[in-house]
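Undergrad: The active site annotation in Swiss-Prot covers UNK18. Feature annotation from Swiss-Prot assigns ATP binding site to LYS21, THR48, SER49, ASP50, ASP68, ASP91, GLY138, HIS139, THR140; the stated evidence is sequence analysis. Here Swiss-Prot flags LYS21 as site 'Important for catalytic activity', drawing on sequence analysis. Summarising the annotation, Swiss-Prot assigns Mg(2+) binding site to ASP51, ASP91, ASP226.
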Amino acid sequence: MKGSKEIKLTQMVTASGUAAKIGPEDLAKALVGLPKMFDERLLVGFDTSDDAAVYRLDDDKALIQTLDFFTPMVDDPYLFGQIAASNSLSDVYAMVGKPIVAMNIVCFPSCHDMSILGEILKGGADKVIESGAILVGGHTVDDKEPKYGLSVAGLVHPDKVLANSGARPGDALILTKPIGTGIVSTGMKAAMVQKSTEDEVVKIMAHLNKYAAEALDGFNVNSVTDITGFGFLGHAAEMAKGSGVTLEISSKDIPIMSEAEELAKMGIIPAGMYRNKKFIQSDVLCEGVSEHIMDILYDPQTSGGLLVSVPQEHARALADKMTSCGSLAAKIVGRVLSKEEKSIIVI
């Protein structure tokens, strides 16, 4: 690992990664009074809680705009920078776009060694370079708790935008990364996980969704979203509601990180899981699935994978291509049904 400073970034914050986000119920209350924005050039706004905004520039180009930042979930500054940048870039990939420019968003306590911040920025810059985008500046705030992320702009052809609202009955669902980052990160903070598991979760969180998104080219994909702070079921529910369908999730096919099940059984769970569960569970039908597995499905993810809705007949070929392109999981985890009483059915 890079970053030799002996510092416990995770001990400087009350919540880590995407688990630090405001819960979906409280966020919905805050957003209820905002005016709706209408513009014929705005292809994707916040009406369906999508991953990024998309604005048509001309017949051949649309601008993707997004930002994301959060608190540390690992102690190594360089790795924190990599993970935060990967998470920020993911929203562009979820719209099947190409990131072009990025700007740093930094909150950092000025009483600490600035070389620590330098390592965070270096980790972020390396991921921006890997993405093919250009880092062009940023903004800083002196804050008690460190936070880092990016504002990212990307490009996509207006006719090729994939939102979270296009899933169709008969589609299969593919997930491209294992889940459980919130639970495992909580275990890491308490020094309750093995070193091999720490290395695994860091690798997963730092992995760009670029490679999974590039594999979509040539397939008739209907909908995409990325799995982050509202957990697998939270983002799946947004896709279901936006598309007017029900998603049936096969719990046994969900890829889960090492030690996540054991930690969940012990109750080593971030507060964000409970917020997600409270907000979503009334729209979820659970059929004989154990409580600890459901907790993992509600677990807030940091830099999670893509959830892709694709016609059933193309699903296996797409999953195989994703794997060959470098995806960490690419598992078929469910299917899309016509609208039923609940948005999500877990079997």
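Including glycine, each Cβ sits where the backbone N, Cα and C put it.
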Undergrad: From the binding-site residues LYS21, ASP68, GLY138, THR140, pick the residue whose C-alpha lies nearest to the C-alpha of ASP226 (Mg(2+) binding site).
TA: ASP68
Undergrad: In angstrom units, rounded to an integer, how far apart are the Cα atoms of LYS21 (ATP binding site) and ASP91 (Mg(2+) binding site)?
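TA: Cα-Cα distance, LYS21 (ATP binding site) to ASP91 (Mg(2+) binding site): 16 Å.
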Undergrad: Cα distance, ASP91 (Mg(2+) binding site) to GLY138 (ATP binding site), nearest Å?
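TA: About 18 Å separate the Cα atoms of these two residues.
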Undergrad: Where ASP91 (Mg(2+) binding site) and THR140 (ATP binding site) are concerned, what is their Cα separation in Å, rounded?
TA: 22
Undergrad: Report, as a single number, how many Cβ atoms besides its own are within 10 Å of the Cβ of ASP91 (Mg(2+) binding site).
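TA: So the Cβ neighbour count for ASP91 (Mg(2+) binding site) comes to 26.
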Undergrad: Neighbour count, 10 Å Cβ-Cβ cut-off, for ASP68 (ATP binding site): what number do you get?
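TA: Summing over all protein chains shown, ASP68 (ATP binding site) has 24 other Cβ atoms within 10 Å.
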Undergrad: Give the number of CB atoms, excluding that of GLY138 (ATP binding site) itself, located within 10 Å of its CB.
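TA: Other Cβ atoms within 10 Å of GLY138 (ATP binding site): 16.
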